[in-house]
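A.B. asks: Have a look at this one.
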Amino acid sequence: MKNNKIKIKSSNLNVHYGEKQALFDVDLDIYDKEVTALIGPSGCGKSTFIRCINRMNDVIDICKVEGSITIDDEEIIDKNLDVVGLREKIGMVFQKPNPFPKSIYDNISYGPTIHGLTENKTDMDEIVENSLKKAALWNEVKDRLNEAGTGLSGGQQQRLCIARAISVNPQVILMDEPCSALDPIATAKIEELIDELKKSYTIVIVTHSMSQAVRVSQRTGFFHLGKIIEVDTTEKIFKNPGNKMTQDYITGRFG
């Protein structure tokens, strides 16, 4: 791979939910302005891992996180860290589209407003337009900005959620199975969008679709039972994996 800049680095990351350990000594490097796909069976720790990156696990009382995650060499597993400031750097797109019960415009303007990015209406209009353009949605909704975001189709709602995520100008976008609730046509649009977004953002995508990982990512990490089994270029993982467990998973022998 040409890109050698590590954006996110996880070292000896362990996560417990009460007595249950969800992640075991996870070491994983995520490179800048690339798509890294995380694959593995359900319940193997993929979503837990990405929720550590934006500290969403903080809201779970029984969750205990140990180890290190750095973004641009800054430690984020730190109780004194400004979590709001961290989340300004990290956009999150969930499994099912979850637009706010607000207008299309307000869905996008909400993040920049709470983060204090601008109080100027003209500047906010520009943020909304640019975010929707980056999410390949502007032409479909530019005359409907005052309509409810929940009135859009499923695929449009997910692109609205992507526009909402990038409206605060993040450095990283986390996607937790963003196409699992979408039809093939809507999925193709999201995948085209991911390919375009990686020019500006570091993207981590959790997916159960092997073919999707091949199509959209430059690197792939395989999780199993809370451990990172193998991580390499996507081409190497799918054409010549170095671990038999990886080979068995991608060929459908277990999962």
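Heads up, the Cβ atoms here are built off N, Cα and C, so glycines get one too.
These came from Swiss-Prot, pasted as-is:
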BINDING   Gly40, Pro41, Ser42, Gly43, Cys44, Gly45, Lys46, Ser47  ATP binding site
DOMAIN    8-250  domain 'ABC transporter'
A.B. asks: Tell me the coarse DSSP state (helix, strand, coil) of Ser42 (ATP binding site).
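C.D. replies: Coil, per DSSP.
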A.B. asks: Which state, by DSSP, holds Ser47 (ATP binding site): helix, strand or coil?
C.D. replies: helix
A.B. asks: Find, for the listed binding-site residues Ser42, Ser47, the residue with the lowest Cβ contact count at a 10 Å cut-off, counting only other Cβ atoms.
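C.D. replies: Candidates: the binding-site residues Ser42, Ser47. Fewest Cβ atoms within 10 Å: Ser42.
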A.B. asks: If you draw a 10 Å sphere around the Cβ of Cys44 (ATP binding site), how many other Cβ atoms fall inside it, taking every protein chain shown into account?
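C.D. replies: The answer is 23.
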A.B. asks: Across the domain 'ABC transporter' (8-250), what does the mean pLDDT come to, as a whole number?
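C.D. replies: Looking only at the domain 'ABC transporter' (8-250), pLDDT averages out to 95.
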A.B. asks: Among Pro41, Gly43, all listed as binding-site residues, which has the most CB atoms within 10 Å of its CB?
C.D. replies: Pro41
A.B. asks: Note the Cβ centroid of Gly40, Pro41, Ser42, Gly43, Cys44, Gly45, Lys46, Ser47, the recorded ATP site, then list each other residue of that chain whose Cβ lies within 8 Å of it, in sequence.
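C.D. replies: Near the ATP site, the remaining chain residues are Thr48, Phe223, His224.
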